[in-house]
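Remarks on the structure that follows.
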Amino acid sequence: MDQRTTNLVLVMILSVIVLSGTGQAELSSTFYDSSCPNLSTIVSSQVASSVAAEARMGASLMRLHFHDCWVNGCDGSVLLDDTATFTGEKASISNNNSLRGFDVIDVIKADLEAQCPDTLGGPTWEVLFGRRDSLTASRDAANTFLPAPSSNVSTLRANFAAVGMGTDEDLVALSGAHTFGKGRCGLVSARIGGNPPDATIDPDYNATLNSICSAGAATLVDLDQDTPTDFDNAYYSNLLILRGYFTSDQVLQSTGGSTADLVSSYASDQLTFFTAFANSMIKMGNLSPLEGTDGEIRVNCRVVNSNVATM
């Protein structure tokens, strides 16, 4: 994974990790300048170590960020564990036995608390800090709002619009996060096993996937067969030749219209994609932030503070 990708993942991590302390009403790019000036260095070191140990972790952490922001805003609700009296989002349809990276968050949070105790806040996507944690989570909302891999363009547009990301630019750019990472075979069984075959999948690619997936539904497949650990624009080039892994990927091109135009644009110009992706990530990171005295700053990312003593 190159430095650009590591930086993208670093920014994402900063969006879900906050430190304890007193409240402040607004997000700010200088929030930690006095209380934790080495914040970015601390986090980047742990991110780099995690990605070096497992290249897939970069994509997993980015997906974790997306799944947090998509359900009631970027408030860390996805990090909460279930308890006997509380049902969180980890076992929702899109997250159960799928979402990962929680252990990395735990390590980074502990390091930050050890080196920068008694501070507050967490950034949005790129430079704004001061975000607080939710007091609850919603499995129902996760099941409702997280996009399904079988979705068509109309469903995807409605889903994105429902959370405030209602442009085709947001939809197509954020889908580009599938340029790295892996997907389970069980999620594409209908796409690759159709009779007659799906007309929107390249026959050779379909044969390759069927061969890999003959090992079982839990088998993991690189979303991009050529540069599986690089954050680049190969995702869009693959869509142009009918090599999108999920149905929800390929429909962006095969449906035609403005989404297909954007696919072509991003496939031909990587910088255009990078700019669009960053803009949409900033926008997503600003979805319904908790600020001031709303929510809390969790001591342990996995539980609300009132339950820490009972662990």
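Cβ coordinates are placed from backbone N, Cα and C, and glycine is handled just like the others.
All annotation found in TrEMBL is predicted automatically rather than curated by experts.
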- Query: Between C74, C116, C185, which residue forms the disulfide that TrEMBL gives for C36?
  - Reply: C116
- Return the single candidate from C185, C301 listed in TrEMBL as disulfide-linked to C213. C185
- Cβ neighbour count (10 Å, all chains) around H178 (heme b binding site) is 22
- Which number gives the other C-beta atoms within 10 angstroms of the C-beta of C69 (disulfide bond), all protein chains shown included? 28
- Here are the binding-site residues: T179, T227. Which has the lowest count of other Cβ atoms within 10 Å? T227
- Task: List the residues of the same chain that sit at least 6 positions away from C185 (disulfide bond) in sequence and have their Cβ under 8 Å from its Cβ, in sequence order, or write 'none'.
- Result: L209, I212, C213, A215, G216, A217, A218, T219, L220, V221
- List only the single closest residue to T179 (Ca(2+) 2 binding site), chosen from the recorded positions C36, H67, C69, C74 by CA-CA distance. H67
- Item | C-alpha spacing of C36 (disulfide bond) relative to T227 (Ca(2+) 2 binding site), in angstrom | 36
- Message: An 8 Å radius from the center of the T179, D224, T227, D232 Cβ atoms defines the neighbourhood of the Ca(2+) 2 site; name the other residues of that chain inside it, in order.
- Response: F180, D226, P228, D230, F231, N233, A234, Y235
